[in-house]
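Trainee: Supplied in structure tokens, the structure appears directly below.
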Protein chains: 2
Amino acid sequence: MPRLCLTVEYDGTSYGGWQVQPNAQTVQEQIESALAQVIGASVRVYSSGRTDAGVHAIDMKAHFDVETLLPLSAYREGVNRFLPQDIVVRQVCRVADDFHARFDAQGKWYRYRLYRGRIRSPLHRLTSWHVAGGLDVEAMTQAADALVGTHDFAAFQASGCAAATTQRTLFEVLLIDEGDELIIDVRGSGFLKNMVRIIVGSLVEVGRAKLTAGQLAEILASGQRCRAGLTAPAQGLCLMQVWYEKNIEIT
Amino acid sequence: MPRLCLTVEYDGTSYGGWQVQPNAQTVQEQIESALAQVIGASVRVYSSGRTDAGVHAIDMKAHFDVETLLPLSAYREGVNRFLPQDIVVRQVCRVADDFHARFDAQGKWYRYRLYRGRIRSPLHRLTSWHVAGGLDVEAMTQAADALVGTHDFAAFQASGCAAATTQRTLFEVLLIDEGDELIIDVRGSGFLKNMVRIIVGSLVEVGRAKLTAGQLAEILASGQRCRAGLTAPAQGLCLMQVWYEKNIEIT
């Protein structure tokens, strides 16, 4: 059966995350329901990963199979007609029959936005974490550097995370100073549950001088979740990109 | 009586605009109700202007009088405690007893955001106007230049606008190309009802080659509203700054 891959952008504010679950509207459910209306049959999509309630994405990938192949634009236009305004399918492409949005992913880029204004900002409230007061960005950068590389990130996962192994590779943790906003870009091979948000929470504690860069490196080595910083709130996080070994599109 | 001036930021998405009106929640109403709880008496605020339903602001000014003066921080902190998350008072300062937020304003800066991506964007939907397809930014810049200066802007006001005179001065109309976003910054002495949105709607028609820069100049000269472009939607607009002849704060 032909396999297709979607690129999905969404404002996660109103959803209980990506994955279908009881008692909450989810992005996956909206996509599957819109797709079903276009295809005329129920369909399951397999994403490159999950995002938590309130987390946003501009490049979530998800694959699914179809029995008969319509022109690709028919999927995109059809699905977007049924989707609410806070979700959109940006692209649909044909992929190899054995392509898997999650298992074939080579890396992901997440962006976290901190808002540093003295007063909370209504216009930033749904896409950033308000951290009032000065942050020592130099210390945060130094601490961030210590996280880059291949490590056991057990100290940076939500308790109850069921990942088989906690070893992951971070390619880059980049701090971008944009005045009232401080952007933290994290690129890595893969991420444990809440890993980016715990990294950000810990870096903020370094920025507030509650933790030193050296202590953060020790916490990483210790593997103990209870020692790392708090989990930064969901709304500051956005999945920016998922990439694969080569161009996944086949024609 | 001591007079105070507020600087207000708000996400206009959920409001029927600034000004109190029947059948819609408004920003003014929220501010007055929060202030009343802090002061213990009903109060009327006088703003630098109105914004339409869905328009945002990061620097709306509004003055009001108090019988007895509390420490200024008590107003800000108190009011913000009662305001919803989509409105905040960023600053409170003491002003001269005869200061008027509207009549003393020397100029205003509005920013309009166009989103030019091929597909609508969930993450930009509440703060921009989605204009798919290419825009001729050079032609738009040329047309914008023709609007700068002191003119009769009768052709660029909403029908039913009750302004005594339609002469206004535009200091600058600046287009900033930011990839998928095209920002239009408009600075002027004052604005007629819907003036910025009609200017943006007209510039987009120029960008789409439905109108030339020369024709836009002719429309300005004609004074006929029916000849100008459509009114750009509210959610792309944000009041960025209101300024006064000198520092309005007195101590």
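The chain as shown is numbered from 1 upward.
The backbone N, Cα and C atoms fix where each Cβ goes, glycine too.
Those TrEMBL annotations? Automatic predictions, nothing curated.
Straight out of TrEMBL:
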type	residues	note
ACT_SITE	A:ASP52	active site, nucleophile
BINDING	A:TYR110	substrate binding site
DOMAIN	A:8-104	domain 'Pseudouridine synthase I TruA alpha/beta'
DOMAIN	A:143-245	domain 'Pseudouridine synthase I TruA alpha/beta'
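Can you walk me through where each of these features ends up in the structure?
Mentor: Using a 10 Å radius centred on the Cβ of A:ASP52 (active site, nucleophile) and all shown protein chains, the other Cβ atoms total 20.
Every protein chain shown contributes to the tally, and the Cβ of A:TYR110 (substrate binding site) ends up with 23 other Cβ atoms within 10 Å.
Using DSSP to sort the residues of the domain 'Pseudouridine synthase I TruA alpha/beta' (A:8-104) gives these counts of helix, strand and coil: 27 helix, 24 strand, 46 coil.
Confidence in the domain 'Pseudouridine synthase I TruA alpha/beta' (A:143-245), given as mean pLDDT, stands at 92.
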Trainee: Take the domain 'Pseudouridine synthase I TruA alpha/beta' (A:143-245) and count its residues per DSSP category (helix H/G/I, strand E/B, coil), listing them in that order.
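Mentor: Result for the domain 'Pseudouridine synthase I TruA alpha/beta' (A:143-245), in helix, strand, coil order: 37 helix, 32 strand, 34 coil.
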Trainee: In Å, rounded, how far does the Cα of A:TYR110 (substrate binding site) sit from the Cα of A:ASP52 (active site, nucleophile)?
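Mentor: Spelling it out, the Cα of A:TYR110 (substrate binding site) and the Cα of A:ASP52 (active site, nucleophile) are 13 Å apart.
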